[in-house]
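In TrEMBL this protein carries:
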ACT_SITE  224  active site, tele-hemiaminal-histidine intermediate
BINDING   59, 60, 61, 62, 112, 117  substrate binding site
DOMAIN    12-339  domain 'DhaK'
DOMAIN    373-573  domain 'DhaL'
């Protein structure tokens, strides 16, 4: 039986996000757009002076999240990606710098726990830190669906809205960034969410996200239309809500919310998109009754659309354990319209766009130095090696991914070679790392571009003022830790880290090796990297696309790890190494 694409009242699929943002901003007296970015900010940015600015965001299709929560006492800016797609790091960075330029004392990013969001928001954090911005990031992982969450962890769901409110109230009181982060992380331990749906949703121009026969419902689904953990028969609202709260609070589940009689909670009943208000009211009643029947005190209730999944006919319940301080922050005034509060500012005649901050690298300040020639030669050797192994990397990737690993590395190599032919290689390694980070972010694309850009951005900091061997070792370690922090993988997960981490461990000896021994250390690092890449042949993939492939089908080395070993071997050869493979 063929499934028709869900009808939607749009002009064009490709422009729906931009037109939606213009509709939201042009009808408001309190919001502005950063020209050239899908970034919505407070129109009164000057009011942030001396306070911490808050940035959140993610894929579109969750309206009113996240633009509806911008206002005094909540978010300062929201960054939108395509429908159910993470926004690019350049837009996240533009939002951070806009708040910095407005006089914010620091910037906090509130990010839902999805790999794309962690990578792209994390990359923007590192880029902002590289520019001297005081910035931090908290990850919201409030999903109570999985009894044994995978390595990726619990997903970020509607509990994120609670975090917007608490952090926003603290920021409005002038609390410092470190204190806000500390309080938010404590609150995150006491937030849980679970969703249920009577229908799938459909991304504009696409088929429904999953097939749900009449009379059945999905329990524990995500906000991007992912199927749930369990399929149940449709039941009464009371039965469904009791089932949800049972699952959320089951002590046998690793992701449960510990709740006991006498606890006080804030309840959020969130419409996932297409439930009628009548149904929402019935579900709200059921949730309050269920909690009170367990001896739990419902201190506050919010019911409505807060974080939707397009037109999904479903509901999620979010619970936040609340003491007096949490309730004080929850009750603090906010002008964010989706809380909701209405603006009294005249809309007509108001200009709602402004120019984003300049974020480009100042190449005019870059000048050649004693290391320029060596670094240029090394880059050429690296690029040449990657281009030579393009088809080999593609072949390895076809066994465990989408077959484009060689192509993406070749794109980066060609971009770097093109840049080398028309630019001065700065004598400062830190400047070069920052420039390369921008190049691969822009031209390499995908998760690989984000990972390499994260590595280079973090590695640039130790090399800004130093270029001795120990500084290079420190830079390699910093870059590797950035990949681990935001990518969510570790050595042994069958990724590029299995080649990178052994090499970095070996390179730490550069800090203590006597003069003349540096090349021996580098050679040992290259050899350990190559052994690490080869070892991935026998590892079970726990991260990346390969983790979705049956283990028995993944029998070749990981292409990302092979690419890392290739790069390190090229560096060794360019610096005078004679042991080629």
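Cβ atoms here come from the backbone N, Cα and C positions, even for glycine.
Remember, TrEMBL labels are computer predictions, not curated facts.
It should be emphasised that the depicted structure is a prediction, and the values quoted were computed from it without experimental measurement.
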59, 60, 61, 62, 112, 117 bind substrate per the record; greatest CA separation between any two, in Å, is 15
Fewest C-beta neighbours within 10 angstroms among the recorded positions 62, 112, 224 belongs to 224
For residue 61 (substrate binding site), the same-chain residues 6+ apart in sequence with C-beta under 8 angstroms from its C-beta are 83, 84, 201, 203, 224, 308, 309, 310
In all the protein chains shown, the tally of other Cβ atoms within 10 Å of the Cβ of residue 60 (substrate binding site) is 25
Here the 10 Å Cβ neighbour count for residue 59 (substrate binding site) comes out at 23
Excluding its own, the Cβ atoms lying within 10 Å of the Cβ of residue 117 (substrate binding site) add up to 27
Apart from the site residues 59, 60, 61, 62, 112, 117, the 8 Å Cβ neighbourhood of the substrate centroid comprises 57, 58, 65, 66, 80, 81, 84, 85, 86, 223, 224
